[in-house]
Amino acid sequence: MEALKSCYGDGSSDSDSESVPSAPTSAPSAVFTPLPPPPISLLDPSAFLDLQTGQTTRVRSFPHVDGNYALHIYIPINISSPSKKELSAFLKKVSSREPNLNVIDVDVPLNVLCKNDEKLEQVALGREFHISLGRTVPIRVHQIDSVISMLKQKLQIQRQFWIDFNKWEVFVNDDHTRTFLSVEVVQGGLIEITKQIEAVNTVYRLHNLAEFYKDPHPHISLAWALGDISHSLKKVVDEEMKCAVGKSFKKSIFSCKFKGIECKIGKKAYTICKIPDGH
């Protein structure tokens with residue numbers, strides 16, 4: 001599997017990470033024909049079925065510059081099995097009315113997955129999700145140690161708390177090239193996460209990095225579509241939520257425990273803080 005990925009690339013959008021060109025070599029005597037791209041089911045075991053995927057265009061939030069590394073700090077989120085079933089049911093309803101949605105980070109059409117409940121839960125909801133605590137920004141190599149050190153200093157001591165995802169919401173990125181279907185934290189955990197965002201902003205400010213939005217909305221995104229379809233998607237979501245009123249009296253869509261903060265710079269991951277299991 002790793003050998004295949006090294007030949008074809010892992011398809012990740014995080015190409016602002018290390019990219020060391022290989023040293024030039026003498027031309028081989030024989031001419032080799034490049035291998036065709038492998039199917040997604042081979043590169044991504046989570047897909048486990050031959051999925052018909054459309055070719056999509058990834059759009060950078062900032063241009064790639066040699067020597068820059070993409071910095072992303074976040075709370076890892078995993079969805080429990082019981083919650084996956086309820087989320088899947090809602091995704092199927094929305095997808096049936098909005099066919100342009102894709103699974104987040106996988107570029108697989110959501111309506112293809114909706115034909116198989118097991119596939120939908122495993123591929124669309126079985127991955128690790130992220131609540132971003134800061135913008136994804138480019139930093140220089142000489143800033144890395146300082147950024148990590150300050151993040152740990154300000155965020156290493158955290159207590160455990162419950163994060164409640166209470167609301168379906170639609171977001172659009174800054175340049176309106178993508179629309180996201182998300183679940184937002186509006187009650188339980190909001191105060192704690194807001195304080196964490198303020199701490200990250202302080203570190204960013206000291207390194208002349210762009211701070212987070214003035215009015216942050218902590219969330220995880222489950223699906224995306226090209227372009228700005230926020231108006232039509234919001235209408236669908238609102239109508240489906242109205243239909244669901246009265247069917248469930250749960251205070252949240254799903255909940256999970258805060259277990260730590262991670263940071264990714266390029267392809268390297270750093271643990272900023274971690275809550276031991278059982279706490």
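Placed from the backbone N, Cα and C atoms, the Cβ positions cover glycine too.
Under the heading region 'Disordered', TrEMBL lists 1-31.
Annotation comment: TrEMBL describes 9-31 as compositional bias 'Low complexity'.
Among the features that TrEMBL reports, active site, proton donor/acceptor is placed at H130 (among others). Taking the Cβ of H130 (active site, proton donor/acceptor) as centre and 10 Å as the limit, one finds 19 other Cβ atoms among all the protein chains shown.
Annotated active site, proton donor/acceptor per TrEMBL: H219 (among others), in sequence order. Applying an 8 A CB threshold to same-chain residues 6+ apart, the list for H219 (active site, proton donor/acceptor) reads I131, F165, E169, F171, S182, V183, E184, V185.
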